[in-house]
(Lines of atoms letter the chains of each structure in order from A and count residues from 1; the text may use other names and numbers.)
(Lines give C-alpha, C1' and ligand atoms only; values in the text may rest on other atoms or scores of the structure.)
Protein backbone atom coordinates (compact mmCIF):
# COMPACT_ATOMS: atom_id res chain seq x y z
CA UNK A 1 0.00 0.00 0.00
CA UNK A 2 1.43 3.38 -1.04
CA UNK A 3 1.52 5.90 1.81
CA UNK A 4 -0.39 9.10 1.10
CA UNK A 5 2.27 11.83 0.75
CA UNK A 6 -0.13 14.75 1.27
CA UNK A 7 0.57 16.78 4.42
CA UNK A 8 -2.14 19.34 5.08
CA UNK A 9 -1.13 22.91 5.87
CA UNK A 10 -1.74 23.70 9.56
CA UNK A 11 -4.71 26.05 9.96
CA UNK A 12 -6.88 27.24 12.80
CA UNK A 13 -10.20 25.46 13.22
CA UNK A 14 -13.54 27.27 12.96
CA UNK A 15 -17.10 26.03 13.14
CA UNK A 16 -19.87 26.28 10.55
CA UNK A 17 -22.86 25.01 12.49
CA UNK A 18 -22.12 21.40 13.37
CA UNK A 19 -19.23 21.15 10.89
CA UNK A 20 -15.66 22.08 11.77
CA UNK A 21 -13.48 23.60 9.06
CA UNK A 22 -9.69 23.72 9.24
CA UNK A 23 -7.22 22.19 11.64
CA UNK A 24 -7.58 18.42 11.75
CA UNK A 25 -11.19 18.47 10.54
CA UNK A 26 -11.98 16.51 7.36
CA UNK A 27 -12.03 18.60 4.18
CA UNK A 28 -15.70 19.48 3.79
CA UNK A 29 -17.64 19.61 0.53
CA UNK A 30 -20.29 22.23 -0.08
CA UNK A 31 -22.50 23.68 -2.79
CA UNK A 32 -24.87 26.59 -3.35
CA UNK A 33 -28.55 26.57 -4.20
CA UNK A 34 -29.59 27.97 -7.59
CA UNK A 35 -33.32 28.22 -6.86
CA UNK A 36 -35.11 31.46 -6.03
CA UNK A 37 -34.51 31.75 -2.30
CA UNK A 38 -38.04 33.05 -1.79
CA UNK A 39 -39.33 29.78 -3.21
CA UNK A 40 -38.86 28.00 0.08
CA UNK A 41 -40.20 24.61 -1.01
CA UNK A 42 -37.96 24.43 -4.09
CA UNK A 43 -34.91 25.56 -2.14
CA UNK A 44 -35.49 23.05 0.66
CA UNK A 45 -35.97 20.26 -1.88
CA UNK A 46 -32.72 21.15 -3.61
CA UNK A 47 -30.82 21.30 -0.31
CA UNK A 48 -32.17 17.86 0.61
CA UNK A 49 -30.96 16.44 -2.72
CA UNK A 50 -27.52 17.84 -2.02
CA UNK A 51 -27.51 16.39 1.49
CA UNK A 52 -28.46 13.01 0.01
CA UNK A 53 -25.41 13.38 -2.26
CA UNK A 54 -23.22 14.00 0.81
CA UNK A 55 -23.14 17.80 1.22
CA UNK A 56 -21.56 18.95 4.48
CA UNK A 57 -22.53 22.62 4.11
CA UNK A 58 -24.94 24.52 1.84
CA UNK A 59 -24.87 28.18 0.81
CA UNK A 60 -27.97 30.22 0.01
CA UNK A 61 -28.00 33.63 -1.67
CA UNK A 62 -29.86 36.29 0.33
CA UNK A 63 -30.19 39.41 -1.87
CA UNK A 64 -33.11 41.08 -0.07
CA UNK A 65 -34.98 41.31 3.23
CA UNK A 66 -37.73 39.20 1.69
CA UNK A 67 -35.12 36.54 0.91
CA UNK A 68 -33.84 36.85 4.50
CA UNK A 69 -37.30 35.93 5.79
CA UNK A 70 -37.38 32.98 3.39
CA UNK A 71 -33.93 31.98 4.64
CA UNK A 72 -35.38 31.79 8.14
CA UNK A 73 -38.11 29.45 6.93
CA UNK A 74 -35.56 27.31 5.10
CA UNK A 75 -33.37 27.16 8.19
CA UNK A 76 -36.23 25.60 10.17
CA UNK A 77 -36.71 22.82 7.62
CA UNK A 78 -33.16 21.58 7.03
CA UNK A 79 -30.49 20.32 9.41
CA UNK A 80 -27.38 20.89 7.27
CA UNK A 81 -25.30 23.99 8.17
CA UNK A 82 -26.33 27.00 6.06
CA UNK A 83 -24.14 29.83 4.82
CA UNK A 84 -25.96 33.07 3.97
CA UNK A 85 -24.45 34.83 0.95
CA UNK A 86 -24.65 38.59 1.57
CA UNK A 87 -23.49 41.58 -0.46
CA UNK A 88 -23.61 45.31 0.29
CA UNK A 89 -26.56 45.54 2.72
CA UNK A 90 -25.46 44.92 6.30
CA UNK A 91 -29.10 44.83 7.47
CA UNK A 92 -29.59 41.55 5.62
CA UNK A 93 -26.59 40.10 7.43
CA UNK A 94 -28.07 41.16 10.77
CA UNK A 95 -31.42 39.61 9.84
CA UNK A 96 -30.09 36.21 8.78
CA UNK A 97 -27.93 36.09 11.90
CA UNK A 98 -31.15 36.30 13.90
CA UNK A 99 -32.79 33.74 11.61
CA UNK A 100 -30.17 31.10 12.39
CA UNK A 101 -27.45 31.35 9.74
CA UNK A 102 -24.38 29.26 10.58
CA UNK A 103 -21.98 31.38 8.54
CA UNK A 104 -22.04 34.72 6.72
CA UNK A 105 -20.35 35.00 3.34
CA UNK A 106 -19.48 38.69 3.16
CA UNK A 107 -16.68 41.00 2.23
CA UNK A 108 -16.33 43.51 5.10
CA UNK A 109 -15.02 46.11 2.67
CA UNK A 110 -18.26 46.28 0.68
CA UNK A 111 -20.73 46.16 3.57
CA UNK A 112 -20.44 49.89 4.24
CA UNK A 113 -19.10 52.07 7.04
CA UNK A 114 -16.93 50.84 9.89
CA UNK A 115 -19.95 51.07 12.16
CA UNK A 116 -21.95 48.73 9.91
CA UNK A 117 -19.11 46.24 9.87
CA UNK A 118 -18.88 46.40 13.66
CA UNK A 119 -22.61 45.68 13.90
CA UNK A 120 -22.28 42.60 11.68
CA UNK A 121 -19.27 41.34 13.63
CA UNK A 122 -21.11 41.91 16.92
CA UNK A 123 -24.08 39.90 15.63
CA UNK A 124 -21.82 37.09 14.44
CA UNK A 125 -20.04 37.00 17.77
CA UNK A 126 -23.33 37.05 19.69
CA UNK A 127 -24.82 34.16 17.72
CA UNK A 128 -21.59 32.15 17.44
CA UNK A 129 -21.54 32.53 13.67
CA UNK A 130 -18.45 32.24 11.51
CA UNK A 131 -17.77 34.20 8.32
CA UNK A 132 -16.23 33.67 4.91
CA UNK A 133 -14.32 36.41 3.17
CA UNK A 134 -14.87 35.72 -0.52
CA UNK A 135 -12.55 37.49 -2.97
CA UNK A 136 -13.32 37.04 -6.66
CA UNK A 137 -11.18 37.98 -9.66
CA UNK A 138 -14.27 39.31 -11.42
CA UNK A 139 -15.09 41.86 -8.73
CA UNK A 140 -11.75 43.23 -7.56
CA UNK A 141 -11.68 46.74 -6.12
CA UNK A 142 -11.20 49.43 -8.77
CA UNK A 143 -7.93 50.68 -7.31
CA UNK A 144 -6.49 47.15 -7.46
CA UNK A 145 -7.66 46.77 -11.05
CA UNK A 146 -5.86 50.01 -11.86
CA UNK A 147 -2.75 49.07 -9.87
CA UNK A 148 -2.27 45.61 -11.40
CA UNK A 149 -3.89 46.16 -14.80
CA UNK A 150 -5.60 42.77 -14.66
CA UNK A 151 -6.48 40.17 -12.06
CA UNK A 152 -3.31 38.59 -10.67
CA UNK A 153 -2.53 36.37 -7.74
CA UNK A 154 -0.96 39.32 -5.96
CA UNK A 155 -4.07 41.45 -6.57
CA UNK A 156 -6.34 38.77 -5.13
CA UNK A 157 -4.01 38.43 -2.15
CA UNK A 158 -3.98 42.17 -1.50
CA UNK A 159 -7.77 42.32 -1.66
CA UNK A 160 -8.10 39.41 0.77
CA UNK A 161 -5.63 40.92 3.22
CA UNK A 162 -7.63 44.17 3.25
CA UNK A 163 -10.78 42.38 4.32
CA UNK A 164 -8.88 40.19 6.78
CA UNK A 165 -7.35 43.28 8.38
CA UNK A 166 -10.81 44.71 9.05
CA UNK A 167 -11.88 41.60 10.98
CA UNK A 168 -8.52 41.31 12.75
CA UNK A 169 -8.80 44.90 14.00
CA UNK A 170 -12.22 44.00 15.44
CA UNK A 171 -10.65 40.96 17.14
CA UNK A 172 -12.86 38.58 15.16
CA UNK A 173 -11.05 35.47 13.99
CA UNK A 174 -13.79 32.93 13.24
CA UNK A 175 -13.53 33.17 9.47
CA UNK A 176 -12.31 31.35 6.39
CA UNK A 177 -11.10 32.91 3.15
CA UNK A 178 -11.44 32.23 -0.56
CA UNK A 179 -9.62 33.83 -3.51
CA UNK A 180 -11.38 32.51 -6.60
CA UNK A 181 -10.80 33.02 -10.31
CA UNK A 182 -12.03 31.29 -13.45
CA UNK A 183 -8.46 30.63 -14.62
CA UNK A 184 -6.70 27.54 -13.27
CA UNK A 185 -3.24 29.10 -12.93
CA UNK A 186 -4.52 32.34 -11.42
CA UNK A 187 -6.57 30.43 -8.88
CA UNK A 188 -3.65 28.26 -7.84
CA UNK A 189 -1.27 31.22 -7.63
CA UNK A 190 -3.63 33.22 -5.44
CA UNK A 191 -4.23 30.39 -2.99
CA UNK A 192 -0.53 29.59 -2.76
CA UNK A 193 0.28 33.21 -1.96
CA UNK A 194 -2.52 33.46 0.59
CA UNK A 195 -1.56 30.21 2.32
CA UNK A 196 1.89 31.68 2.99
CA UNK A 197 0.42 34.75 4.68
CA UNK A 198 -2.37 33.51 6.97
CA UNK A 199 -3.36 30.51 9.06
CA UNK A 200 -7.10 30.88 8.52
CA UNK A 201 -8.86 27.93 6.88
CA UNK A 202 -9.13 28.25 3.11
CA UNK A 203 -12.28 27.67 1.07
CA UNK A 204 -11.20 26.35 -2.35
CA UNK A 205 -13.00 26.95 -5.61
CA UNK A 206 -12.65 27.88 -9.27
CA UNK A 207 -15.35 30.46 -9.86
CA UNK A 208 -17.44 30.37 -13.04
CA UNK A 209 -15.64 27.16 -13.95
CA UNK A 210 -18.10 26.43 -16.76
CA UNK A 211 -20.50 23.69 -17.78
CA UNK A 212 -20.38 20.19 -16.36
CA UNK A 213 -17.50 18.68 -18.34
CA UNK A 214 -15.14 21.63 -18.71
CA UNK A 215 -15.88 22.89 -15.22
CA UNK A 216 -15.13 19.50 -13.74
CA UNK A 217 -11.78 19.37 -15.53
CA UNK A 218 -10.80 22.89 -14.44
CA UNK A 219 -11.77 22.24 -10.85
CA UNK A 220 -10.05 18.86 -10.72
CA UNK A 221 -6.79 20.37 -11.97
CA UNK A 222 -6.79 23.50 -9.82
CA UNK A 223 -8.29 22.14 -6.62
CA UNK A 224 -6.63 18.76 -6.96
CA UNK A 225 -3.27 20.47 -7.41
CA UNK A 226 -3.75 22.67 -4.35
CA UNK A 227 -4.98 19.77 -2.23
CA UNK A 228 -1.92 17.75 -3.22
CA UNK A 229 0.17 20.60 -1.83
CA UNK A 230 -1.79 20.45 1.44
CA UNK A 231 -3.72 23.65 0.73
CA UNK A 232 -7.47 23.73 1.38
CA UNK A 233 -9.92 23.01 4.19
CA UNK A 234 -13.31 23.13 2.47
CA UNK A 235 -14.29 23.23 -1.19
CA UNK A 236 -17.00 23.95 -3.70
CA UNK A 237 -17.01 22.81 -7.32
CA UNK A 238 -18.70 25.70 -9.15
CA UNK A 239 -20.53 24.39 -12.21
CA UNK A 240 -23.29 25.49 -14.54
CA UNK A 241 -25.03 22.29 -13.46
CA UNK A 242 -27.16 20.95 -10.64
CA UNK A 243 -25.63 21.57 -7.21
CA UNK A 244 -25.86 17.90 -6.23
CA UNK A 245 -23.48 17.18 -9.13
CA UNK A 246 -21.01 19.61 -7.56
CA UNK A 247 -21.09 17.56 -4.36
CA UNK A 248 -20.44 14.29 -6.17
CA UNK A 249 -17.50 15.71 -8.10
CA UNK A 250 -16.03 17.27 -4.96
CA UNK A 251 -16.03 13.92 -3.22
CA UNK A 252 -14.60 12.25 -6.32
CA UNK A 253 -11.63 14.64 -6.19
CA UNK A 254 -11.06 13.99 -2.48
CA UNK A 255 -11.50 10.25 -3.01
CA UNK A 256 -8.94 10.24 -5.83
CA UNK A 257 -6.39 11.88 -3.53
CA UNK A 258 -7.12 9.58 -0.62
CA UNK A 259 -8.22 12.54 1.51
CA UNK A 260 -11.79 11.51 2.16
CA UNK A 261 -14.18 8.79 1.08
CA UNK A 262 -17.90 9.01 0.54
CA UNK A 263 -19.28 5.87 -1.01
CA UNK A 264 -17.82 3.51 -3.54
CA UNK A 265 -14.52 4.03 -5.32
CA UNK A 266 -15.05 2.22 -8.61
CA UNK A 267 -12.06 0.87 -10.51
CA UNK A 268 -13.10 -0.03 -14.05
CA UNK A 269 -11.25 -0.67 -17.28
CA UNK A 270 -11.91 1.60 -20.30
CA UNK A 271 -12.99 -1.55 -22.20
CA UNK A 272 -11.55 -3.04 -25.39
CA UNK A 273 -12.17 -6.03 -27.65
CA UNK A 274 -10.92 -8.37 -24.90
CA UNK A 275 -13.87 -7.55 -22.65
CA UNK A 276 -16.10 -10.52 -21.81
CA UNK A 277 -19.05 -8.26 -20.97
CA UNK A 278 -20.11 -4.69 -21.74
CA UNK A 279 -18.09 -2.86 -19.10
CA UNK A 280 -19.58 0.55 -19.86
CA UNK A 281 -23.17 -0.63 -19.49
CA UNK A 282 -22.38 -2.54 -16.30
CA UNK A 283 -20.64 0.45 -14.74
CA UNK A 284 -23.41 2.86 -15.67
CA UNK A 285 -25.97 0.55 -14.07
CA UNK A 286 -23.86 0.03 -10.93
CA UNK A 287 -23.23 3.74 -10.42
CA UNK A 288 -26.96 4.41 -10.67
CA UNK A 289 -28.02 1.56 -8.41
CA UNK A 290 -25.37 2.14 -5.74
CA UNK A 291 -25.52 5.92 -5.65
CA UNK A 292 -27.04 5.84 -2.17
CA UNK A 293 -24.07 4.03 -0.60
CA UNK A 294 -21.98 6.24 1.70
CA UNK A 295 -19.74 3.56 3.23
CA UNK A 296 -16.18 3.80 1.81
CA UNK A 297 -15.38 0.79 -0.34
CA UNK A 298 -13.26 -0.14 -3.38
CA UNK A 299 -15.02 -2.11 -6.12
CA UNK A 300 -13.06 -3.30 -9.15
CA UNK A 301 -14.84 -4.26 -12.38
CA UNK A 302 -12.45 -5.38 -15.14
CA UNK A 303 -13.61 -6.93 -18.39
CA UNK A 304 -10.88 -9.53 -18.89
CA UNK A 305 -8.15 -11.51 -17.13
CA UNK A 306 -5.19 -9.40 -18.32
CA UNK A 307 -5.37 -6.70 -15.62
CA UNK A 308 -8.42 -7.99 -13.77
CA UNK A 309 -6.75 -10.18 -11.11
CA UNK A 310 -4.22 -7.52 -10.14
CA UNK A 311 -6.89 -4.87 -9.65
CA UNK A 312 -9.27 -7.27 -7.90
CA UNK A 313 -6.64 -8.19 -5.30
CA UNK A 314 -6.51 -4.53 -4.18
CA UNK A 315 -10.28 -4.08 -3.87
CA UNK A 316 -12.92 -4.96 -1.29
CA UNK A 317 -14.87 -6.61 -4.08
CA UNK A 318 -13.38 -7.37 -7.49
CA UNK A 319 -14.75 -8.95 -10.65
CA UNK A 320 -12.61 -10.41 -13.44
CA UNK A 321 -14.54 -10.84 -16.67
CA UNK A 322 -14.83 -14.26 -18.31
CA UNK A 323 -17.47 -16.19 -20.23
CA UNK A 324 -19.80 -17.71 -19.31
CA UNK A 325 -18.86 -17.03 -15.68
CA UNK A 326 -16.75 -14.26 -14.13
CA UNK A 327 -14.45 -14.63 -11.14
CA UNK A 328 -15.19 -12.74 -7.93
CA UNK A 329 -12.54 -11.63 -5.42
CA UNK A 330 -13.38 -10.62 -1.85
CA UNK A 331 -10.82 -8.76 0.23
CA UNK A 332 -8.10 -9.64 -2.26
CA UNK A 333 -8.81 -13.38 -2.33
CA UNK A 334 -10.54 -15.52 -4.95
CA UNK A 335 -14.09 -16.19 -3.80
CA UNK A 336 -16.47 -17.69 -6.35
CA UNK A 337 -17.79 -17.61 -9.91
CA UNK A 338 -20.92 -15.77 -10.99
CA UNK A 339 -22.96 -15.80 -14.18
CA UNK A 340 -21.57 -13.02 -16.36
CA UNK A 341 -25.07 -12.17 -17.57
CA UNK A 342 -26.10 -11.43 -13.97
CA UNK A 343 -23.16 -9.20 -13.03
CA UNK A 344 -25.07 -6.07 -12.08
CA UNK A 345 -27.52 -7.84 -9.77
CA UNK A 346 -24.80 -9.98 -8.18
CA UNK A 347 -22.39 -7.10 -7.60
CA UNK A 348 -25.12 -4.93 -6.10
CA UNK A 349 -26.07 -7.74 -3.70
CA UNK A 350 -22.44 -8.29 -2.67
CA UNK A 351 -21.83 -4.59 -2.13
CA UNK A 352 -24.90 -4.15 0.05
CA UNK A 353 -23.97 -7.22 2.09
CA UNK A 354 -20.47 -5.83 2.56
CA UNK A 355 -21.85 -2.45 3.60
CA UNK A 356 -23.97 -4.13 6.26
CA UNK A 357 -20.93 -6.04 7.56
CA UNK A 358 -18.78 -2.91 7.71
CA UNK A 359 -21.45 -0.81 9.41
CA UNK A 360 -22.14 -3.52 12.00
CA UNK A 361 -18.42 -3.80 12.75
CA UNK A 362 -18.21 -0.02 13.03
CA UNK A 363 -21.13 0.09 15.47
CA UNK A 364 -19.58 -2.63 17.64
CA UNK A 365 -16.28 -0.74 17.72
CA UNK A 366 -18.03 2.45 18.80
CA UNK A 367 -19.83 0.59 21.60
CA UNK A 368 -16.59 -1.11 22.68
CA UNK A 369 -14.58 2.12 22.73
CA UNK A 370 -17.26 3.99 24.70
CA UNK A 371 -17.69 1.31 27.37
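Numbers here mean position along the shown chain, with the first residue as 1.
In case you wondered, yes, glycine gets a Cβ from its N, Cα and C as well.
The model shown is predicted, which means the values in this text are computed figures rather than measured ones.
[4Fe-4S] cluster is bound by 269, 272, 304 in Swiss-Prot, and the record lists one more residue there from 311, 314, which is 311. In sequence order, 270, 271, 274, 275, 279, 302, 303, 306, 307, 308, 321 are the residues of the same chain, not among 269, 272, 304, 311, whose CB sits within 8 A of the CB centroid for the [4Fe-4S] cluster site. Residues within less than 8 Å, Cβ to Cβ, of residue 272 ([4Fe-4S] cluster binding site) and separated from it by at least 6 positions along the same chain comprise 303. If you take the C-beta of residue 269 ([4Fe-4S] cluster binding site) and look for same-chain residues 6 or more apart in sequence within under 8 angstroms, you find 275, 279, 301, 302, 303, 304, 307, 308. In the three-state DSSP scheme, residue 311 ([4Fe-4S] cluster binding site) is classed as helix.
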